[in-house]
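Peer 1: Pulled these features from Swiss-Prot for this protein:
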type     : residues : note
TRANSMEM : 12-32    : transmembrane segment
TRANSMEM : 40-60    : transmembrane segment
TRANSMEM : 76-96    : transmembrane segment
TRANSMEM : 117-137  : transmembrane segment
TRANSMEM : 168-188  : transmembrane segment
TRANSMEM : 216-236  : transmembrane segment
TRANSMEM : 247-267  : transmembrane segment
TRANSMEM : 282-302  : transmembrane segment
TRANSMEM : 310-330  : transmembrane segment
TRANSMEM : 342-362  : transmembrane segment
TRANSMEM : 419-441  : transmembrane segment
TRANSMEM : 459-479  : transmembrane segment
Amino acid sequence: MSVRLAVPDWSLLVPPLIIVGTIVLLLIVDAVLRRPPARLLLTLAFAGQVLALASLWTIDWAQGATTFGQSYRADWFALAVALVALIAGALSVLVSAGYTESGLDPEGIGQAEYLSLLLFSVLGTMLVGAAGDFIVLLLGLEMSAVAVYALTAFARRRVTSVEGALKYFLLGAFASAILIYGMAWVYGSTGSIVLRDIAETLRTVVMPGQPLDPALLLALLLLAVGLGFKIAAVPFHMWTPDAYQGAPTPVSAYMSVVPKVAGFAAVARVLVQGLQPLSEQWTGLLGMLAAITMIYGNVVAIAQRDLKRMLGYSAIGHTGYMLAGLAAFTTGQAGDRSVGSVLFYLFAYTFMNIGAFGVIAWLQERGLGTTLDDIAGLAGRAPLAALTMAIFMLSLMGMPPLLGFYAKYYVILALIEAGQLWLAVAIVVMSAVSAFFYLRVVTRMYFEEPAGALQPARTPVLGLGLALTTLATLVLGLVSSPILDLVQRWSAALA
């Protein structure tokens, strides 16, 4: 009897394969040229991601085709995640320009390794977005996370960098084990690891209004713990402030966005697609996590004096806002609005947060530290840098007509339509609380005397990254409605 093996459709994998090729090319160039120019490596890394972005439009995402069985899904949701991940990765390469051009490490850990790890994490995030089963989803999450563990410790001579990386790694390992345990319980209850098959099985066994089977309840709680760590939701956030503060600033910029994209993509795939019949249970759980997370993140950020640590707690608060968007999920078109609002938030957050960390990196290149005292009177020393930082702070706060305002507005709108008024009010109140620490940055820059002159430095590539993020923050809010309509249609792929 002859056996015919299924042939994978490699055309669906062109974007991630381009990233793989770019990683290999970076390492080959580094090995052949010994010490290649930093600009060459930056150009290769940036061009590879731009090429991968362009290749996204060669795939017919509307078909929702699968390959490798049902493990890899090329649907609209996968496109949305890949788009955000590649944009964030490309911007992070630009923001890293000053850091890589300095040589990173005189003992040999340098540019090629740094950029390869960054691209490896982008690749993992793309796999999470396209995951059709638990195996690919877990593989993508770990690819993304392990690379960031290493990047966090790149400033290995600084104790805070190694400490932050070690804490991130250890807690991440525990969280991954818990996540796998939760997946095992789902498999034991449904007999499948394929997300769509899990949903179909649950629709036949879960009755509305009936108590949930203890095995499924345990699985849901374990998955919530594991995924909660990936997105830095309270109380699974302990690694975040130390990792953000200790990591090199370009890594902090990247870490604040791409792992969060991977985490929320995993939450959407697992809960919205795989466990959709349990939405009555998990929307309530996400609502409570969202409220606790946004309150804790914004309140604790007020006490921070270090800008990177403040942005770490700010990131926790923004995780709460995005969780609130998922808590608004209901079946049908309203569910598309819920997931669409979160995708739009991630898109907006990419520009705002990478831009804010980019300004800090720009200041460090000129001899300043990362505390509030270091930026005192910045408007008198570097007026353009102060203006750029002020734009990002106001956008993160949610000031209209900047991009961050529309991100919060669409989440609040989804909550109101879902009848979750208390969470909508919580977002408004916490946004007002966040004004305290965001505006404090602005007032320190504009209403205090300069402490001294900046050291001269040439960082044109970093400047380009800041220009792009600033332009996006200012302009994309004005065309936010069609972007939201688009991502809402893409979110329907999870149904």
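Count begins at 1; order follows the chain as displayed.
Positions of Cβ are set from backbone N, Cα and C atoms, glycine also.
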Peer 1: Mind checking which residues reach the transmembrane segment (282-302)? Cβ under 8 Å, same chain, six or more beyond either end.
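Peer 2: Distant contacts of the transmembrane segment (282-302): 220, 224, 228, 233-235, 237, 271, 275, 310, 313-321, 323-324, 326-330, 420, 422-423, 426-427, 430, 433-434, 436-437.
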Peer 1: By a Cβ-Cβ criterion of under 8 Å, what residues six or more beyond either terminus of the transmembrane segment (12-32) are in contact with it?
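Peer 2: Sequence-remote neighbours of the transmembrane segment (12-32) are 40-41, 44-45, 47-49, 51-53, 55-56, 58-59, 65, 67, 72, 74, 82, 86, 110-113, 115-116, 119-120, 122-123, 126-127.
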Peer 1: Under 8 Å between C-beta atoms and at least six residues away from its ends: which parts of the chain pack against the transmembrane segment (216-236)?
Peer 2: 141, 145, 171-172, 174-176, 178-183, 185-186, 189, 202, 206, 259-260, 262-264, 266-267, 270-271, 275, 278, 281-282, 285, 289-290, 292-293, 296-297, 315-316, 319-320, 322-323
Peer 1: If contact means at least 3 Cβ pairs within less than 8 Å, sequence distance 6 or more, would you call the transmembrane segment (342-362) and the transmembrane segment (40-60) in contact?
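Peer 2: No, the transmembrane segment (342-362) and the transmembrane segment (40-60) are not in contact.
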Peer 1: So what's near the transmembrane segment (117-137) in sequence-distant terms, Cβ-Cβ under 8 Å and 6+ beyond its ends?
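Peer 2: Distant Cβ neighbours of the transmembrane segment (117-137) are 15-16, 19-20, 22-23, 26, 45, 48-49, 66, 68-75, 77-78, 80-82, 85-86, 88-89, 92-93, 96, 143-145, 147-148, 150-151, 183, 186-187, 193-196, 254, 258-259, 261-262, 265-266, 269-270.
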Peer 1: Please report, as numbers and ranges, the same-chain residues at least 6 past the borders of the transmembrane segment (40-60) whose CB is under 8 Å from any CB of it.
Peer 2: 11-12, 14-16, 18-19, 21-22, 25-26, 29-30, 33, 74, 79, 82-83, 86-87, 89-90, 93-94, 96-97, 100-101, 111-112, 115, 118-119, 122, 461
